[in-house]
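**Student:** Let me begin by handing over the structure; questions about it come next.
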Amino acid sequence: MMAANTNDAKTGAPPAGETVDYVTVSLGEEMFGLPIDRVHDVFIATNLTDVPLAPPEIKGLLNLRGRVVTAICLRRRLGLPDRVSEGRNMAVGLEHGGEAYGLLVDQVGEVMKLSADTYGPNPVHMDARWRGVSRGVHRLDGRLLIVLDVDAVLAFGDERAAVNAA
Amino acid sequence: MDDLLREFLTETGEHLDTVDLELVRFEQDPNNQTILRNIFRLVHTIKGTCGFLGLPRLEALAHAAETLMGKFRDGMTVTSEAVTLILQTLDRIKVIVAELERTAAEPAGADEDLIGALERMSEGEIAAAPPPPPAPPPMATGSLVPQVLERALKPGEVSLDDLERAFRDTPGPAAPALTTGSLVPQVLERALKPGEVTLDDLERAFRDTPGPAAAPPAPAPAAAKAAPEPRAEAPASEGESVAVSKVQTIRVNVDTLEHLMTMVSELVLTRNQLLEIARHHEDNSYKVPLQRLSNVTAELQEGVMKTRMQPIGSAWQKLPRVVRDLSSELGKKIDLVMQGAETELDRQVLEVIKDPLTHMVRNSADHGIESGPERKAAGKPEKGTIRLNAFHEGGTITIEIADDGKGLDLATIRRKAVERGIASEAEVERMSDAQVAKFIFHAGFSTAKAITSVSGRGVGMDVVKTNIELIGGTVDIRTQLGQGTTFTIKIPLTLAIVAALIVSARDHRFAIPQVSVLELVRVQPGSDHTVERINGSPVLRLRDRLLPIVPIAGMLGLDKDPSTASTDEGFVVVSQVGRQRFGILVDGVFHTEEIVVKPMSSKLRHIPLFSGNTILGDGAVVLIVDPNGVARMVGSGAATGQPGEADAETEEASGDQTVTLLVFKGGGHALKAVPLSLVTRLEEVDAAKIEWVGGRPLIQYRGRLMPLVPVDPDQVLKREGSQALVVFSDGERSMGLAVDEIVDIVDDVLDVELAADRSDLIGSAVVRGRATEIVNIAHYLPLAHDDWARAPRRKEHKVPQLLLVDDSAFFREMLTPVLKAAGYRVTAAASAEEALGLLLGETAIDVVVSDLDMPGRSGFDLVEAMRRASPRIAQVPVIALAASTAPEAIERARALGIADFVAKFDRSGLVAALNEVTASALDVAA
């Protein structure tokens, strides 16, 4: 529990008793939760413009109501293989540093109200890449929901940019 | 910070700028009541608001300044000193306001010094009210008021004392009536310094003293009498006081405007989509309202754009003050003429160019304009002029900053560029004046002899250039020694909306900003304009120049399979960035579109090839190609994986000697060349006489069999007609290089621009304005005689180790195979230093062949150093190569014990000399 506490303090997870609303998304069988206050909208990503020389996580740019949105593939971000069957590109609209991002996922599910009772820290043997973007895990009936840290998910490529600039 | 204070700050900031400007105008035209009234009103407003907001420090300062200006309004003589004092007060107010903006509180501090000075100045007149003394001594020595000047007086300056005396002596009320005209022509050769008094004022003081002093009337009526007069002229000058005119304005937050802009962009896109849909529908009922929507949208777009525009004059506002201060600081007389201040441009652009402009004007005043006496000596009017001019030109705004000063000293710049290692001497010599002038944009490049406080502080023109280029602008310099310098800045009207060329590459579309596009050239194999290859690097011949081509698809890695990539068809977008010209090869060109530039996502900003992105009319997002990024890629050669027009490459291979080249064609259309000195003969043989032995072509030539080698492996030797041969021979061996056609023999400076890593080519060069491949003969020799390169003629087992020293990469390349073919193991060195290093190294060198004319340490120096080094090295024989065989050089060579002296192109002479030298040397060794 000690570990969980420090984790809470670090990531700002809810104190016991309070509930947080999550927008759930899924990649294959895995389910993830994004804090609802960070999610602007959910949309279908179409007409993606490829960006040559871009980091692999960036699938392209798209026009969402006159705003240029950077589409980031959550699968690639988590080191998962690309989806085989190209269905609709569902995207969750996020805002980070004044810029608009679209997180491409397989599916967007319902909004869940979850209390801290079911919340626990990441298992220690979780893939480092996943651990870096996850705040913890909610134990639900029959499945687990991985809570994503939006800022961490979008914080990639900074080192790369720095290296390139140097 | 409360809203009231924020509003006050914004407003005061603007007022202060206006007052600055107006005061400088007022100083030049002290009788213009309109300007004075305007200044008075502004200062009064500041004072009033300060009192209201409870800002005592500001209020006291503004009050003191207002009082003094009130005196002016009531007719007190306007002196340069007084204006300076008020300007100083304004500066103090600005400091306080800045602090206020930062901390929302007035900083602590006292302004007694300024307020005191202001009060004394305003009291000057009151003090004059008492009956005047009979006649003032022109330059009295007594001290009337404590001296408050903080420095010693300079010759020609007048102390406050004298001024005070002049005031006292003047019968106050009478003075106003006289201030309306200039009494004597101003003959001071420079602007007045703080505390100085114009000749006018002095004259006035003198004249006024005896006359009206007899019966000084009551001050009040006189002042009243004086007042109506200027008022009468007020309407006439009303027109010029633009700042006073009451434009109905309302302050809008910039964010609001930005948001409005975004919404309008969105509206435009939606409208476009609707129009697209309507095109596919028969239903006409909504076409009319749609048309109307379309028009309204367009108008709205235009209107919103206009809200972002500001006249460039607002960036110039500070300049008159800057120039005034500078001219007094530097003791020069400078006129600042501003034209086209009403030219509008986007506020974002305006912000960026504000500082560069100020810097350039300062520069012109400091470095450009000469001092008064210098100007006189040069037969120019004493007063220098800096002319600012702004106007629209196409989609860009052009700003010119011209001075009639001394112009750039190009000779000095050339010298400095070499000194600072920015360019080599040879390069500098070849450069045009315009190119040389651009060196002043290099970091840390100041040609001012002395570093003044004004400019020459290290931050300079390089920052100016960077800032301007940042917003897609360019700077050009025109200069003429003794006549002046003109800087021309071209910047896009707005950053938000630029004209861009929409191009396609594979299935991508990109936008290229129109500003950097010079022209479009359609290229197609077999047409007039064909992309040619130099060792795989695409180039285009365009009006006698070789243009490096960057295929956009290759650069961006759009082709999954590079082997299928064809770059020979499409359009070349000829672009220029700074001095660099290059062509971007694209597949198709659509149209020019005004695009709304959106910044690149921070995740993608590290890609140097894109400057932003935009949404096109059809709703698609496209990336904007940054020509600066492309230029950098061309320069570094990263675009094609081949060394491009990299400067280092050119430098290394450059040598100013002209070389006689044999130009021929063979295998493909590319021109090939080889130094004529290597060629033994040119022959035209009957193709029917070519015999094939063992699958290899031979010909009977002068009683022997000579192997023929086609210059290109794919080349088919002719079966009939005549076959052109370039014959190379060495001793008894000969070889014929079969070529298609001998084109010419030319003398040209050989500048191998693109080094090849193909063994049959040394590289490519522009010969007589055409791209030419320089053939490496060493590649062909073994093809003709398997044993040629191995040189079995030597019976000795030991292969002599030869050190070849030549600064020219070309000659090293050229001679190495020749020497190898003659049976030496060759090590090459580019300089005497490198050669010495090799001589002292592990490998024992048997013979040295060295060029005598080298930059830095010459061949002679090398030999001298060798003789001083270890006995082993001192023994090594040296053969000298020289372009000229001057008797004194031969004499010196002999003195140094140089074994032989061979002219640089005498290949067989060199081989003979080597044979002789090494034979004897090896005999000795054996």
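Glycine residues also receive a Cβ, built from the backbone N, Cα and C atoms like all the rest.
No curator has checked TrEMBL annotations; they are predicted automatically.
Copying in the features that TrEMBL gives for the protein in this structure:
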COMPBIAS  B:221-236  compositional bias 'Low complexity'
DOMAIN    B:1-100  domain 'HPt'
DOMAIN    B:291-495  domain 'Histidine kinase'
DOMAIN    B:497-636  domain 'CheW-like'
DOMAIN    B:658-786  domain 'CheW-like'
DOMAIN    B:801-919  domain 'Response regulatory'
MOD_RES   B:His44  phosphohistidine
MOD_RES   B:Asp851  4-aspartylphosphate
REGION    B:207-242  region 'Disordered'
**Student:** I'm checking region-level scores; what's the whole-number mean pLDDT for the domain 'CheW-like' (B:658-786)?
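**Tutor:** That stretch averages a pLDDT of 76.
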**Student:** Between the Cα atoms of the residue listed as '4-aspartylphosphate' and the residue listed as 'phosphohistidine', find the distance and write it as a whole number of Å.
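**Tutor:** Cα to Cα, the residue listed as '4-aspartylphosphate' and the residue listed as 'phosphohistidine' are separated by 81 Å.
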**Student:** According to DSSP, which of helix, strand or coil covers the residue listed as 'phosphohistidine'?
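**Tutor:** In three-state terms, the residue listed as 'phosphohistidine' counts as helix.
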**Student:** Of all the modified residues given, B:His44, B:Asp851, which residue's CB has the most CB neighbours within 10 A?
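**Tutor:** Counting Cβ neighbours within 10 Å, the top one is B:Asp851.
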**Student:** For the domain 'CheW-like' (B:658-786), what are the DSSP-based totals of helix, strand and coil residues?
**Tutor:** 14 helix, 77 strand, 38 coil
**Student:** Residue counts in helix (H, G, I), strand (E, B) and coil for the domain 'CheW-like' (B:497-636), per DSSP?
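**Tutor:** Counting residues by DSSP class gives 20 helix, 75 strand, 45 coil.
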**Student:** What counts of helix, strand and coil residues does DSSP assign across the domain 'HPt' (B:1-100)?
**Tutor:** 86 helix, 0 strand, 14 coil
